[in-house]
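Worksheet: the structure to be examined is printed underneath.
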Amino acid sequence: MNRLGKKANETLIEMALSADDDIAILTKFKPSSSEGEECNGPETISTAGSEIPSSSEGLNSTETTLLIPEHQVIDKRHQSKDSIFFRDGVRRIDFVLSYVDDLNKEWEKKLERRKEFESNLQKAGLELETEDKKESEDGKIFFVKIHAPWEVLITYAEVLNIKVPIKENDIPPMVENPLDCVLFPLRLPENVMHPEPDYFTAPFSKDKQELFLINDESTFFSPSMRNRIVNYILTRCPYGTEEGKKKFGIKRLLNNGTYTAAYPLHDCQYWKKASDPNCDSERYTLYMEWARFLRFYKEQPLDLIRKYYGEKIGIYFAWLGFYTEMLFLAAVVGLICFLYGLFTMDENMSSKEICDPAIGGEIIMCPLCDRDCEYWRLNTTCESSQYSHLFDNVATLFFAIFMGIWVTLFLEFWKRRQARLKYEWDLVDFEEEQQQLQLRPEYEAKCTQKKRNPVTQEMEPYLPLTSQAVRFCISGATVLFWVSLIIASMIAVIVYRLAVYAAFASLMENTQTLQPISGLLTPQLATSVTASCLNFVIIMILNFFYERIAIWITDMEIPRTHMEYENRLTMKMFLFQFVNYYSSCFYVAFFKGKFVGYPGAYTYMFNRWRNEECDPAGCLIELTTQLTIVMAGKQIWGNIQEAIVPWICNWWGRRKARNNPENLYSRWEQDHDLQTFGPLGLFYEYLEMVIQFGFITLFVASFPLAPLLALMNNILEIRVDSWKLTTQYRRPVAAKAHSIGVWQEILNGMAILSVVTNAFIVAFTSDMIPRLVYYYAYSENEDSPMSGYINNSLSVFQISDFPERNEPKENPENFVICRYRDYRYPPEHEKKYLHTMQFWHILAAKLAFIIIMEHVVFIVKFFVAWMIPDVPADVKAKIKREKYLTQKILHEYELEKLKERLCQGDKGATEKEFIATEGRMELSRAM
């Protein structure tokens, strides 16, 4: 085995700056022509001729694709079409391009672009092999298979700073967890969890190949590394000049229809292993051990996910899995709080008084709408008041405080898990700034003006300040318009609530079939449920359109770097989604029932619709209803979109090919018929989970079961995401990422906001503070302090004081007074209908509670964050050990090279240089 691989001077790929436009292009790949040197596979020739439909004008597809020496000719009929190798069975297919020869007016232009592009790819060192359309299943599609030889891989591995093994890890493994025997049923086989040995790694260098553990050149770089390198070349390869501008990149060629698809291949079919023994069949392993729902209780094979899909997708599933694990604790505590409310339901004095015919049955409530609504008895809300106690009890306060601490634990422990993954996945020194801050090809293409970079002193494109200002103004105005549209739609739903309440009240009063359930399905609840469903439909419609608008305006801004693009799109989408999903919950939690006035002096929206009142048992049950419908509806709809829609699309696309035998349905065609996992695929996955995170943190005081719903959804979500990625989508291009990016900051912001919202929910939406004030200050019964609370919380109104606009049309029982939910003086008092002192006491108690709760939770949060280090101690030790060994190996290598030069009499190698190198090694050891 030759550890040295190819000589460094065999290949040269330079990233040069064009003098006319400063666009980085790939110059010609120059292989050595020395005799006796080993050849890395057959030569390829340009396959442009195969693009012409008429076979009489050039060679046929087999001849134009590849020239193979006589002893390497392979009978195509005996090679499986499910192979991931070229026809020679040796060179691996790293990427596939597809196109259709449609004879329209753009045909010649597309043909020229393809010729130029493929010619430049070959100059860059890539090897191409074309499958004629006659070989495709539908007889219409050409496939261009791309292979990156060793020289290209090692050159770009150095450019991309890819880390590769230099020494086996000699740090002893962690002490076994005593719970391992209990958790054994959750474990996966060791070869699945850790598909590769653990190595110390260092950035690859062509000049120091002997340092690295190169056992086999064909497998030294994993398929994900290979497709990442090829994609890097594809996105920067030029294809000509149009309208005076240099054009480059596969993305533009896909957009203008020159190519129809560009993708790396899956290594096998997901339901069975590949017949080729050289194929690892990692897709099959992922499907069997990870992507099936029956494996929902098993841990995720994160190392295999990272190896197959890359670090960016790996870090997403690591975060989702950790989030789901942490939800288990929140779900258990939330379930206990719910069960407490369930078991104490019969002991709730407020519900007892409302349901008591002698108390609630004798209390006549004022009409809930003008003219058409009638007077009603308080005990008609008996069932709803009992159910309200499930969520509005003492445990609500405990759970709100607990979730404020839980979210801190989640974020801090995730930092530790992320730090461990960064070390294990060789991302500690990952130059994300270098990778992400590279200019976007779209920015370079659209920005015609140039200026000198003060750091590099090179000319680079830039967008003038005036153009930036105009684009930002248009973008900001568009976002503001859509946010205003959300608010307008929410107001429309509120108007719906106000307008249909009277209709529901009349319908339930006059329809005999609804009488048996009238106690459970009150007009308030019916209005709330239907309004929540309507609001959910509006949310999904607005969301559908805004997603496309957000991408359009972000493209219009022409962000300079990939990081800027992702951050801008993330903030636009999150701002919109935040307002879209949470506005209705904010309305019910903080506005409904707070500005209704009192009988005879009600407040009106647009001077027409009377503002809504809360149920006598409080608005918390309505907030719970709203939260449940929107949260559950979003999760159900999201899973339908993610699983069923791609499956239907793939089934429809493969309806003809499914009847063909395997040997006529090639691996590249099978993958071509799958859905595309675009560059924003992970963005939508993160967005979905962050919105869910908001539901279980911002409003969790109103619904302790929200974490349980989220837990069940996430268990399904992990398997749905893994299933669709493994079976329904083309293999994504591998990408690196050492964190979840800007989402971390969004989660931190929502964690802080959740403390405030839950404090306000407990104070202003639930009835906890009024009950506590009554218990300690106004109760007159020492044996049963809460008895009389309902009567105390309802004020008296004299019916004769009703203005004509508010007075009901009928009063068959000739009631004289009615009650309403407020703390105001009775009609016979000198301060008639003004707020009582108890109202101000309760308001002061609410404000004091908010301040105390916020300060207590924030102090605990910051203390917990300070106590938990972001990087585990053992990970710090491993990082230092790896850096030390890497420096030691590199210094020893340089010392040996210097000794060789001295022995050979190299005048450039001086004794002082030798001493300096030895001194640097000693200094490294000391450090």
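First residue shown is number 1, and so on along the chain.
Every residue gets a Cβ built from N, Cα and C, even glycine.
Taken verbatim from TrEMBL:
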- 31-60: region 'Disordered' (REGION)
- 43-60: compositional bias 'Polar residues' (COMPBIAS)
- 85-302: domain 'Anoctamin dimerisation' (DOMAIN)
- 100-134: coiled coil (COILED)
- 305-882: domain 'Anoctamin transmembrane' (DOMAIN)
- 316-343: transmembrane segment (TRANSMEM)
- 394-414: transmembrane segment (TRANSMEM)
- 479-504: transmembrane segment (TRANSMEM)
- 524-546: transmembrane segment (TRANSMEM)
- 573-590: transmembrane segment (TRANSMEM)
- 689-711: transmembrane segment (TRANSMEM)
- 746-766: transmembrane segment (TRANSMEM)
- 839-868: transmembrane segment (TRANSMEM)
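Listed by sequence, the residues of this chain that lie at least six past the ends of the transmembrane segment (839-868) yet keep a Cβ under 8 A from its Cβ atoms are 400-401, 404-405, 408-409, 411-413, 416, 751, 755-756, 759-760, 762-764, 769-770, 772-773, 777, 822-824. Between the transmembrane segment (573-590) and the transmembrane segment (746-766) there are at least 3 Cβ pairs closer than 8 Å, counting only pairs 6 or more residues apart in sequence, which means the two stretches are in contact. Scored on C-beta pairs under 8 angstroms, the neighbour of the transmembrane segment (479-504) with the top count among 394-414, 524-546, 746-766 is 524-546.
Against the transmembrane segment (689-711), stretch 316-343 has more CB pairs under 8 A than any other of 316-343, 394-414, 524-546, 746-766. Note on the transmembrane segment (316-343): residues 299-300, 302, 305, 389-396, 398-399, 402-403, 406, 409-410, 413-414, 417-418, 421, 682, 685-686, 689, 693, 696, 700, 704-708, 710-711, 714-715, 717-718, 721-722, 740 of its chain, located 6 or more positions outside it, place their CB under 8 angstroms from a CB of the stretch.
Sequence-distant contacts of the transmembrane segment (524-546) (same chain, at least 6 residues past either end, Cβ-Cβ under 8 Å): 368, 381, 384, 482, 485-486, 489-490, 492-493, 496-497, 500-501, 504, 508, 573, 576-577, 580-581, 584, 588, 615, 621-622, 625-626, 629-630, 633-634, 637. Long-range Cβ contacts of the transmembrane segment (746-766) within its own chain (Cβ-Cβ under 8 Å, at least 6 residues beyond either end) map to 392, 396-397, 400, 403-404, 407-408, 411, 570, 574, 588-590, 594, 618-620, 623, 690, 693-694, 697-702, 846-847, 849-850, 853-854, 857-858, 861.
In the predicted model, the coiled coil (100-134) has a mean pLDDT of 88.
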